[in-house]
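Down below is the structure, laid out as structure tokens.
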């Protein structure tokens, strides 16, 4: 073994130079070394030799060109204004003859220098050296990260800046009618309202105090047609009764198996073939939605085919049938509610607290297939989509079983990389046949029965090109965000033409981040149409042999922000389909389209009780492509138009919520759905919450990005969460006007008590928050003297602490309240600094699962995400109780903020924190088989640093030296 190791070390040194790599390949060294290493796989003690061999072969593997004409998106949208500087400006200034896919010379000329710093992660490394190496990287990482901390206390202190004049902000008055409405024409709960007059005179403007200040509410009426208001809360209408008649939790729904309705038969393969996909033209009104969902509208599939006789064992009946005119029912699609559980603290004694267990909203079924189609017809996309994906049309429910985080089998990454190396050694075995191509409008899908068929031409879809490598292996390429040349992470596509019993391998080959939760137990999602028609309409986690690693496809310097020698990364997973000729969908996370949001809002609006709930759905603005950005207002109606009741109504503090600024973070929309459903429910706790606050909600800040399948950007090609400091009204209209709403509230002395922006996190487990604190930021600069001089209200920690007590997915130790320079233009920091909102948060929800609490070891689903949204509402009610000293006494032992802060000073995970606890345990296979020698540095840094919000620079240069300090 020592002789073999010596030979391998010599080869490793020789192949560090370009000439040595060429000589190694010319001498057929790749094939010889590959065959030799494969003979050693059966003996675990020879793993160090296999690992070194893999490193050598990866280093010598020629860099390949990504098989695309350009790395820019397949779709083009002309911007009304071209930015002067930045990546988008560079994109537009790039000459058309420039090859942006591959550099002229892409061989790594720095290999000799990098080889000197190469470190082998082999089992026989000296343990003392490894310990020293770990300490060095922690030291390096900490100091690298601390450079991003804002150390100027004067800059850290919130300074409310109006930004716009009062006259300019008056354009938002029509979006706040609750501040001026006297409710004289409303039918309120009180039957004998007191006249709104005193001593024969009409009472003047109502004074609405807030935060110790007073402001006069405008007494004039809202101008007719002055805004883009869609609808006003209906007056005097009876509430639509829920078909179920009472609250029921999801377990209770699933428990009612004896009452389950009949469902559909298993369909034959020829019928499923006929159910090709949905189009939006010529939907016959007499056709059942179940039929319309699965066929082109010119296919004359008879209605009699869909007779349903099979009982559904999992889904209880409810008021809405999926197959109209049939006996089959799929229950409450897309409306899962939240588990009921009493998680009150030991201090709970008030009636409000006792009623604050999260209940299933008793509203109507939110999924309506016909309504969804009507909404999709008005949704504007750049590719002008004319098809609808089955899952979005049918709807879906969570599966009635738990989905554990997948255990990583030993050697899976090594095996997959060996298969990639075989492409070079056995080139005659490679088919290299195009199976799908978005760049070629004339491309026709092969009719060969042995090739899968793909499609992504529907709302939120993302798949650009597919190449068949072997009979059951496919390389997939994702589309860039529009007006961008990167951000490849979100995927959502259709697959058909499969055969059961075959293990299909899918490789997404143009990922950019240097690590992923796919290496730590996350699985992609799959939705089967056959399963849905058989009364199992749910997304499930699927895939085996999943790993994420650097591949041999080269990233150009244009794509890598000027850096040369970078490579793309591969997500690979293997799937066996249960049905022949099924139609299946794969997604990065549970899809939630813009049309789904509009459908849900319409259903909530049409079913609420106008005597109890004040609900408005306005249009904040129009997006670049002409879609409306909805703005929702929710609170409780005043008991009457008594002066006292109106005053109490207007005096409620505001809560401002937003979500989905990043299109690929679909989990944020599911959390928002849970919040909206809870706020609109008839539970006593929800009513108490509505009576306590006025909610202003922008549930989707980036509609265009969501519609067109972007991962991070809007149509402007920019990350909207980096535009809050100076948003452009033409390029970033949703951010410009959302900030305008907040500026208007600040101008009338009604700044929100809480601002929270819902996000998703791809590199960390659990749900957690980012907040803003001067003292904690200074502490993390290790300037203890300066931090002692800072006097700060610790109330920003109250809400996260509450959530850590009541929300099983929430993890307090993952929260961070440090303010970084790179985040100065995010919503969280701008609202804190410029609007003066102390409790300004980003709430991050994992895309993978949880490693603590009740859901430890489980992948997260829509049920848990919606529960988090509902628990957030309960947390706000407790926040009111804990901060209202006139009504409640704060328990002395409830929140010892200083102790919590000290105890967690080494646990808070942020880019500016010295992290002692590893974010992820080491997986069994520690070697990173990379062609770039300092990838081992990446691995060590990854395992000794916390998670963070990616900065603008890191998003642009995902393989930069900064990004090497964090686990993506």
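Note: Cβ is positioned from N, Cα and C throughout, glycine not excepted.
Because TrEMBL annotations are produced automatically, they should be read as predictions rather than curated entries.
Keep in mind that what you see is a predicted model, and the values were worked out from it rather than measured.
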Per TrEMBL, the range holding region 'Disordered', considering 209-262, 263-316, 371-424: 209-262
Range among 919-943, 944-968 that TrEMBL annotates as region 'Disordered': 944-968
Of 180-202, 318-340, 341-363, the range TrEMBL labels region 'Disordered': 341-363
Protein Cβ atoms within 10 Å of residue 844 (active site, proton donor/acceptor), excluding its own: 27
Integer average pLDDT (0 to 100) for the domain 'Peptidase M14' (590-880): 94
